[in-house]
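Asker: So TrEMBL says this about it:
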COMPBIAS  34-49  compositional bias 'Low complexity'
REGION    34-130  region 'Disordered'
COMPBIAS  77-86  compositional bias 'Basic and acidic residues'
COMPBIAS  94-116  compositional bias 'Basic and acidic residues'
COMPBIAS  121-130  compositional bias 'Acidic residues'
REGION    152-172  region 'Disordered'
Amino acid sequence: MDLRNPFSMVDNMMMGMRSRMDDMHRNFENLSTDSNTHSFSSSSISTYSKVGNEPPKVFQAHSQTRRAPGGVCETQRTLKDSESGLEKMSMGHHIQDRGHVVEKKRNHKTGEREFNQDFQNMDESEAQDFDNEWQKEVSKFQPVAPLAQLEGSKPRNRTVHRAAIAAPDDAR
């Protein structure tokens with residue numbers, strides 16, 4: 001470090017910070033490919049424009065990805081474009097390199113509808129077995145009790161739990 005240059009300390013500090021930020025971004029990139037972690041990613045965009053007496057133009061797109069250990073992944077994508085009339089929705093379930101993606105399209109202007117299924121690294125005949133396997137894998141990460149029970153919304157019989165280590169006799 002050059003002590004004669006008053007900016008050298010700030011330059012060194014900024015270079016160190018930039019290096020740490022680069023490391024952090026690399027770690028996030030690695031996280032999305034690590035099959036032993038939980039992660040959630042979501043991205044949305046929405047635009048609106050209106051000119052004069054014309055109907056408004058609205059464009060919306062949303063993408064969401066959830067990952068769980070074991071290479072389990074769920075993807076959701078939606079798109080809505082009022083100018084073209086197109087509405088699209090897709091849902092994908094993946095385990096490692098296998099996947100089943102269902103896509104629906106509808107055009108409000110033309111009335112056209114489309115339904116597609118994409119099978120990745122498997123045959124269509126394996127779809128039901130894959131969906132069952134995916135449900136089984138996902139169920140490992142879902143709470144056992146329904147949310148209503150966790151929140152205690154319904155009164156139920158409660159058991160008194162005794163401490164495993166009893167208090168001294170004189171404290172009772």
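Heads up, the Cβ atoms here are built off N, Cα and C, so glycines get one too.
Note that TrEMBL annotation is computational and uncurated.
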Asker: With Cβ-Cβ distances below 8 Å as the criterion, list the same-chain residues six or more beyond the ends of the compositional bias 'Basic and acidic residues' (77-86) that contact it, or say none.
Answerer: 55-64, 105-110
Asker: Which residues of the same chain, at least 6 past either end of the compositional bias 'Acidic residues' (121-130), have a Cβ under 8 Å from a Cβ in it?
Answerer: 93, 95, 97-100
